[in-house]
C-alpha cells in the first residue's frame, strides 16, 4: 500500500522536469533574437513564450521600415503563431540602423505599445554577432 502512495507522487515529481526539457521550450531557442532591416526601423521589444509556460520566456527584437508598430506586431504574430508561441509586447520605438558605418541609434516610443527599455534593446543587439561591433547610442 505504501508503494502505491509513493507512486501516486511520481507525476508531481516528474512534471517540473518535463516542463524544463520540453521540445516546445527548446523551440524558443530556434527563434532569432534580432530581426531588423537597414535604415529607419520601427521596432518592438517582445517577450515570447510557449503557450502555458510564461515563466520560461525569451526577449526578442523585431523591426521593419513600416508606417506603424501594428504592422510589425502583425508580422511577429505571423511568424510565431504557427509554432504555438505567444508574444507579449514590452514596448516599442525606433532604430536608425546605419550598417555601412556600423552605427545604430535607438530612440522614441510607440504610440500603440508605449516605450521600450532602449538599454535592454541595446544589450540584446550587442549580444547578437551581427551587431556586436556596432556603436549603439540610446536616446530616451
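Each Cβ is built from the backbone N, Cα and C atoms, and glycine gets one as well.
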> Which of these, 33, 42, does Swiss-Prot say binds substrate at the same site as 110, 111, 112?
Replying inline: 42
>> How many Å separate the two farthest-apart Cα atoms among the substrate-binding residues 42, 110, 111, 112?
In response: 12
>> Quick check: with 42, 110, 111, 112 left out, which same-chain residues have Cβ atoms within 8 Å of the centroid of the substrate site Cβ atoms?
In response: 68, 69, 70, 92, 109, 113
> According to DSSP, which kind of secondary structure is residue 42 (substrate binding site) found in, if we only use helix, strand and coil?
Replying inline: strand
>> Which one is it: of the binding-site residues 110, 112, which Cβ has the fewest other Cβ atoms within 10 Å in this structure?
In response: 112
